[in-house]
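Undergrad: Got a structure for you, questions after.
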Amino acid sequence: MLQTLGTRGFADPALHAEGLYINCQWEKGQDIPVVDPSTGEVLAHVADAGIDDALRAVDAAHAAAAGWRATPSRQRSEILRRWFHLMTEHADDLAMLISLENGKALSDARGEVGYAAEFFRWYAEEATRIPGEYRPTPSGSHKILVDHEPIGISVLITPWNFPAAMATRKIGPALAAGCTVILKPASETPLTAYAMARLGEEAGVPAGVVNVLTTRNPGPVVSAMLADPRVRKLSFTGSTGVGRALLAEAAKTVVSCSMELGGNAPFLVFDDADLDAALDGAMIAKMRNAGEACTAANRFYVQAGIHDAFVDGLTKRMASLKVGAGTDVATQCGPMITQKAVQKIDQLVSNALQRGARATTGGKPREGSGYFYPPTVLENVPTDADIAFEEIFGPVAPVYKFETEEEAIRLANDTEYGLAAYIYSRDLKRAMRVGKGLESGMLGINRGLMSDPAAPFGGVKQSGLGREGGVTGILEFMEAKYYAVDI
Ligand code: NAD
């Protein structure tokens with residue numbers, strides 16, 4: 001299986017099962033099993049960091065902080081650029097590792113590696129363009145000078161669904177800003193993080209600037225780091241529930257927080273949409289990573305005039321997808337991350353079916369080994385079914401019919417989330433008007449994919465705080481310092 005791509009060596013899980021990575025030292029540990037979700041078999045074990053290990057990582061990040069902050073931004077930029085090139089060079093191997101531990105199809109994994117590496121290239125460029133400000137006060141009393149300084153030691157916590165990209169989206173801007181970091185990847189997918197740390201070392205990241213640790217007990221371990229007054233930033237990507245708990249934890253020491261949380265993206269299709277384009281977009285918005293994405297279309301609202309043709313087209317496309325192990329190059333829909341995830345999807349679908357929905361394809365978990373759920377389309381779903389309010393995080397597309405623009409906006413906004421939304425219409429004026437009415441941090445207009453390192457990624461409402469990527473992403477890792485200058 002591993003022979004299908006790359007230089008077997010670097011894609012070998014055993015090579016990256018050495019963690020922890022603290023102060024440029026690899027510390028052995030064989031505590032947490034990493035499982036291949038397509039078989040349920042153990043791929044490797046990684047170390048389990050305790051509170052003492054986490055505080056040693058803070059020590060290392062602290063010891064490196066002054067030197068890294070003082071490193072000229074051009075030099076920081078060049079290290080990030082080298083890291084970008086190394087990721088690109090090892091793209092096939094990294095994709096294989098992601099596919100092995102996360103389960104996503106190799107095509108998705110390759111896409112993720114490209115996306116992830118671009119954050120290093122983008123922030124290599126932004127590192128040398130940190131903004132400042134100089135202007136007179138309106139009263140003319142003095143001059144205002146604003147400088148931006150690195151915020152300090154940053155704790156970065158990432159989920160399992162994009163093991164590479166969620167890490168680089170934080171490490172890139174943090175290092176560009178001059179911060180040292182401790183990355184805590186999800187324990188389901190730690191191998192990619194350790195592999196990237198190896199490449200960072202090769203790129204010239206100095207000891208202590210990037211530290212990586214895995215743990216079975218993220219609650220106490222992260223709390224201990226947040227309680228350390230040297231830690232000044234928490235950048236978290238994960239579920240809204242854990243995000244809320246971490247905000248409360250960070251409040252104790254008033255640590256600055258960036259939060260990229262859950263989503264419940266509506267996908268709106270108006271009668272005047274280009275049907276084929278809407279179906280192409282729907283497949284991308286729904287099926288990237290088999291639906292395990294925070295931006296995944298979670299609710300399809302389709303106007304009455306185009307509804308039946310859309311359901312028909314979507315059913316055909318979903319039913320034709322090849323389900324299998326992500327590492328098989330033919331696979332288009334890999335397994336879910338755990339059996340628990342399959343059970344959650346099953347519950348949401350069963351609830352919708354009991355409430356009167358109909359599955360036009362799929363509708364129940366696949367038997368056999370691995371954590372598979374087949375691509376599923378549900379029609380006639382009641383707008384108040386559980387599935388309309390929870391992240392499905394799987395290959396299930398519930399379709400709801402609407403009549404008017406106002407109704408579509410009201411239904412789309414009926415959620416605590418506000419991360420991403422999609423609108424398909426040939427009338428750009430309408431699309432922009434509807435977009436304005438939607439409570440969402442990001443909108444795809446006639447596009448099923450919006451993620452781009454050069455754009456500000458993030459949500460409103462309970463989908464998060466702050467933005468990653470783009471020109472503002474670096475400021476999440478900086479503090480503005482204002483000098484009142486008497487000239
Ligand atoms: P999760 O919240 O369970 O875990 C995320 C990370 O937090 C993991 O590293 C986990 O080990 C850690 N964690 C768990 N409990 C913790 C605690 N008490 N204290 C500190 N850390 C803790 O989320 P997940 O299941 O890994 O990821 C899926 C979720 O992430 C979905 O809700 C998805 O929408 C969201 N997500 C959001 C974005 C975004 O950019 N907004 C991107 C990807 C995923």
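Each residue, glycine too, has its Cβ placed from N, Cα and C.
Curation does not apply to TrEMBL; its annotations are automatic.
On a predicted model such as this, the values are computed, not experimentally measured, just so you know.
So TrEMBL says this about it:
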type: DOMAIN; residues: 29-481; note: domain 'Aldehyde dehydrogenase'
type: ACT_SITE; residues: E260; note: active site
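In terms of burial and nearby residues, how do these features look in this structure?
TA: The C-beta environment of E260 (active site), restricted to residues of the same chain at least 6 apart in sequence and closer than 8 Å, consists of M166, F236, T237, G238, C294, F457, G458, G459, S463, G464, G466, E468.
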Undergrad: Mean pLDDT for the domain 'Aldehyde dehydrogenase' (29-481), as a whole number?
TA: 98
Undergrad: So, three-state DSSP: helix, strand or coil for E260 (active site)?
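TA: Looking at the DSSP assignment, E260 (active site) belongs to a strand.
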